[in-house]
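Below: one structure, written as C-alpha cells.
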Amino acid sequence: MGLTLVAPLTPWFIQRLSPDMDPGKAASTMLAAYAAGTTIGSLVSGSISDKVGRRPVFLTGLFLYAVSYFLAANAWDLASFAGFRALAGFSAGTRPVFMAFLGDTCHPKDLTFYGMLLSVAVNGGMCIGPILGGALALFNLTFPLYLFGAIASLIFVLLLFVLRESRRPVNKNDQADCLKGPPVREERNKWMVPTIICLALISFSIQYLFTGWSTVFGVLGVERYNLNSAENGLLYVPLTRYVLNPALTGAVGMAISTLLVIEPFLYNIYWATAVGTVVGIGSAQDLYDDKTILSVTSDDSLVDIRTIPDLLARAGQQGNPKIATFLSNARIETLKFAQCQIAHTTISSVTNDELCEYLHEAGRHLPELVVTCTRNIAGEVANVRDELHVNDPQAIRQSQLVRMRMGEVWQLLQEYPRREVKVAVLDHGVNFTDPDLAPLRGSSVTSDGKVISGGWNLINDDSVLTPGDGHGQRVSLVLAAKGNNSAGMVGVAPDHVQLVSLQVCGKKGCPVDLLVKAIDMAIDIRVGVISMSLRYFTRDLNSTEFSLLRAVLRRAQEHNVLLVSAAGNENIDAHECYPCAYGGPNAICVAGLSDDVTYNLSERSNFGDMVDIAAFGELVYVGEDRFGYPNYQSGTSYAAPMVSAAAAILLSLGAEPSSVKRTLLADADQFETAGKPLRPGGGALNILSSVERVISMNNLRPIATPGNLRYRL
C-alpha cells in the first residue's frame, strides 16, 4: 500500500510543506524521490542479501520502511518529505529479496503460485492504499502515515522472532572435490551488464509510471474538482473527474479495483493501465435517454438519414433491413441550422450502437458522406453550489463556506436592514480591476483632505497599489469577494462592505512604522474593522517600537475599531506574536482550523490563551494563480479574513463594536486539539448563530418575508 498511500494526499502535503512552490514541480519532486529510491533499492538489495543473508536485509528494509513513515509525518519542508519518501521507496525496493526468499524455501513447482500470490498482494495493496489513505486523512493529514508506520513496526517485531534465514551457507570444502578436480567455472554471460541496465531503466519507468499517475491524479482532483482526500483516493482507482457521480462511483470503483487486483494475470502493466482508464472514462458518461444525436453531411449539406438505405441500394450495397425498416417509421427530428438530427432510438427497436454502426458502415461504402454519431449524454451544471445559492462559478471550490452554512447566513441577512461597513486590509496592495473586488472600491477622505480611492500605498506614500506576491489580494477575496456576479469566487461578506487597501507590505516585509501609520489612517477615515494577516515577534521589536505598537492598538480600540489579526503559523504559543497577543475588548486573534471532518487546529497554527477564535485556514480557495489554475492556500492569514468578514456582518446589522467580540465568542463551537488550547471560551467561528443572536438581541424587524424574497447580493 505504501506506493499509493500518499498519492491522494499529495496536494495537502504540498500546501503544508511548500505552499509557494508550483504544484506540478512539487508533485514531480515527490514522485521522483520515491521512484528513484525504489529503483536503487531493487538494484542493490538482492546482491547484498546474497552476501549477508536474506533475513538481515529484509528486516533492515522493513525497519527503514516503518521509520520513513514516522519521519514523513514530521517533515518540515518539501525536501525533507521527499527524502523520507525516497527512504520508503528504497526500503520497498527489497522486494527482490523476498522473491529470493521464496526461491530459497519453495519447491520449484510451487514458486509460480507463491509468486502470483505476492503479485496479487502488491497490486491489491496499490488499489486499497489510496482509498484507505484518503479516508484516514479526513481525520488528520498525518494519521495514515503514523498508522502505517505503526503497522510496519508491528510486523517488524513479529518477523524478528519468526523469520528464519533461508540462504544456505556455502561450505568451503565444497569449493573443490579431490576426486572430480577443481570446480568448473562457468563463463560469464557477456549480456549480463546491458541486461541489468535495461532492467534498471524498466524498473524506474514502472515505478515512475505508478507514482506519477497517482500523484498527478491527486493534484488534478484538488485543483480542478475540489475533492477531499477520500474522494481523491477513489479518483486513483482510476476514475476520472466523474468520481463525483453519486450512484455509479462505488460500483465502478470496486469494479476497477478488482480489475487491477487481477492485473498479474494480464502480464502487461501498460495494457492494464489503459484498460483501467478506459473503463473509468466509459462508465462516467451518464445517459439522459436512449436517443441518438447524429450528423450526416455531404459537401457541407445535411443528408437525411432516412435516405441512406436508398443511397446504399444505388451503390449496389445490401444494407441492414432492420435499420432500413426503423428509419422508415422512426421519429427523427431535423435541426437544419445545426445540421444534425435526433433519432428516437430505443432498446426495444434499434439501439444507439446499432444505428451508429450502420451509419459508419454506410460512410465506408459512400465516401462522400461525413458521419458523426453519438449518444444523448446527461450534462451537469457544475458552476453553482445549491447550498450557497450563488452563481459565482468558482464557489464550487469553496467547501469551507458550505461547512460554515454561509448560504443560510446570506439568505437570512437579506431579510433585514443593514448598513455598509468599511473594512481596512493592512497587507500588500489590492488590484481593484478584479471583478470580484471592483464593486468594493470606495472613496474616503482623511481629516487633512487627502482623498483615498480604494486604498493607499504607505510605502511610496501615494495611491498606486502594488499587489506584490498577491497576499493582500487573496486575503481580500476570502473576506469580501462580490457574490452573485457570475464571476470568480464569493467572499464570506459578499455585500455591504467597502474595502480599503492600506499597503504596508513590500519586497522587504511589513515595517512596524508603516503598520502604525496605517492604523492611524484607518482610525482617521473611520473604518469599522481592520484585518491584519501579519505577525511580529515581540523579541524582534525594540522597546520603542513595542511601545508605539501597543499604543496605537489601544487607541484604535478606543475609537471603536475592531482589530482582527492572524495568530501565525509556527505551531507555537502566540503570546509573543503581535498584534495577536495584545488583546483587548475589540481585538480578536484568529487561529487556523484544519480541513478535517471534526474541528481541529491545523498543525502549523499558533495557539494559546491569547488566541480567541479559530476559522478554516487549510486549503482555502483564494482565486486563480498567475497561470489561471485554481489556487488553494493554507495558514492563519486566510482564517483571519473570515473572522473580519463575520465582524463586518455583525456591524452591518447594527451591532455595537464593543459587543462583536463577545458575541462571536459566545456562539463559537467548542472543540479541543491535544496540546494546542485556545483561551477559555474560545472555539470555532459560528457566523450563523452570531447573526441570529444579533437579530434577536436588537429586535430587528424583517424588511421582506422569506416567501417573497428573491436572493441577491
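Each Cβ is built from the backbone N, Cα and C atoms, and glycine gets one as well.
It should be emphasised that the depicted structure is a prediction, and the values quoted were computed from it without experimental measurement.
What TrEMBL records for this protein:
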type     : residues : note
ACT_SITE : D427     : active site, charge relay system
ACT_SITE : H471     : active site, charge relay system
ACT_SITE : S637     : active site, charge relay system
DOMAIN   : 1-167    : domain 'Major facilitator superfamily (MFS) profile'
TRANSMEM : 26-45    : transmembrane segment
TRANSMEM : 57-76    : transmembrane segment
TRANSMEM : 82-102   : transmembrane segment
TRANSMEM : 114-139  : transmembrane segment
TRANSMEM : 145-163  : transmembrane segment
TRANSMEM : 191-210  : transmembrane segment
TRANSMEM : 242-262  : transmembrane segment
TRANSMEM : 269-288  : transmembrane segment
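Among the active-site residues D427, H471, S637, the residue whose Cβ has the fewest other Cβ atoms within 10 Å is H471. Between D427 (active site, charge relay system) and S637 (active site, charge relay system), the C-alpha separation comes to 10 Å. When the stretches 26-45, 82-102, 145-163 are ranked by Cβ pairs under 8 Å to the transmembrane segment (57-76), first place goes to 82-102. Taking only the Cα positions, the spacing between H471 (active site, charge relay system) and S637 (active site, charge relay system) is 9 angstrom.
Per-residue confidence over the domain 'Major facilitator superfamily (MFS) profile' (1-167) averages 77 (mean pLDDT, predicted model). In this structure, H471 (active site, charge relay system) is part of a helix by DSSP.
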